[in-house]
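These features come from TrEMBL:
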- 348-376: compositional bias 'Basic and acidic residues' (COMPBIAS)
- 336-376: region 'Disordered' (REGION)
- 49-65: transmembrane segment (TRANSMEM)
- 74-91: transmembrane segment (TRANSMEM)
- 103-122: transmembrane segment (TRANSMEM)
- 131-151: transmembrane segment (TRANSMEM)
- 193-212: transmembrane segment (TRANSMEM)
- 224-244: transmembrane segment (TRANSMEM)
- 256-274: transmembrane segment (TRANSMEM)
- 281-300: transmembrane segment (TRANSMEM)
Amino acid sequence: MMSLKHFWTKKTLVGLGLGQFLSLLITSTGFSSSELSNRGINAPTSQSFLNYVLLTVVYGSVMLYKRQALKAKWYYYVVLGLVDVEANYLVVKAYQYSSITSVMLLDCWSIPSVMLLTFIFLKTKYRFRKIAGVIVCVAGLVMVIFSDVHAGDRSGGRDPRKGDLLVIAGATLYAISNVSEEFLVKNANTVELMSFLGLFGAIISAIQISIIERNELKSIHWTAGAAFPFFGFSLAMFLFYSFVPVLLKTSGSTMLNLSLLTSDMWAVIIRIFAYHEKVDWMYFLAFAAVAVGLVIYSGGDKEEDRHQCTAGVGDEDAGRSKHFYEEAGFDNINRGAIAGSSKTGNTSKHDCITSGERSETIENKNTGKDVQWKKS
């Protein structure tokens, strides 16, 4: 039986806290996009373009200063940039054709997609406790859907089928993007990932803007009221992209997608206190369910690490994880943010390896003694 002390590890608390910080950033981008839409500005690719430029300038400068060699092929980042840009575009575009209820429900498709992709390509093994946490989180979000129906939100949109296909495609691309970033951040380098994702994301966005949103940008009347949410969106996205690799490295892409489920409920809380709106009571029950699911999924990582240690030093998954982190190398930018979470795991891993080496040495000595006895 897992004790409460082993459940609330530093890694658990860091994962939960960072996940909710990222969820609040996504909530702020939603309010920024809503404000821009109310002002008649509908240019989702243009909003993301500035974020990619910031990533290129900031992380590209760090990469040039370090003069570090590439650890992954450049064309991997081209594909990742294309997937990321189109995922953002498709999900935002879906709101024009389908209801908010449908988009929220179908956006959950990214969670099983991420779990399937990490299981196939990253060889991630999910225990029953983590699967139970995912089920509780999704059940909480389903409560939000029923709350919307109970409140009378039955608008189907002008083309629900097209909107549903767009959001399913966008959620699938989000899953591919998240899993690819998790793989690259463990095998390559965080600064390299952000630099090239920003570079190729900006190039692809610029091409798409020139084809799709050129006339929309010309018609925008730029005022302080329009510029503030536009640049606020870009700043929030820049912070989101900067901290996502930290959560991917410590907790994985499934934890990231589960954490982002709370963004809709944070939006409800903001509407209650900032705009004094009334919401259905099921929202609060749903928020509690998602919070419990996140705790179930992320809790007890230290206990699992100890079980893996006692299972044997030659465990294939432990060796692969160790190889990932040796190749990645923690960047100076992210060390401070995850030092607390990684210190415990590294210490236990060191103890496990040390004990294994000690037993191997004793065994070799005994073998040597046996050989000498036989010779005599």
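Note that Cβ sites are derived from N, Cα and C of the backbone, with glycine treated the same way.
Comparing 49-65, 74-91, 224-244, 256-274, 281-300 for CB pairs under 8 angstroms to the transmembrane segment (193-212), the maximum falls on 49-65. Most Cβ pairs under 8 Å to the transmembrane segment (224-244), among the stretches 49-65, 74-91, 256-274, 281-300, belong to 49-65. Counting only same-chain residues 6+ beyond the ends of the transmembrane segment (103-122), those with a CB under 8 A from a CB of the stretch are 91, 94-95, 134, 137-138, 141-142, 144-145, 148, 163-164, 167-168, 170-172, 174-176, 178-179, 182-183, 252-254, 257-258, 261, 264.
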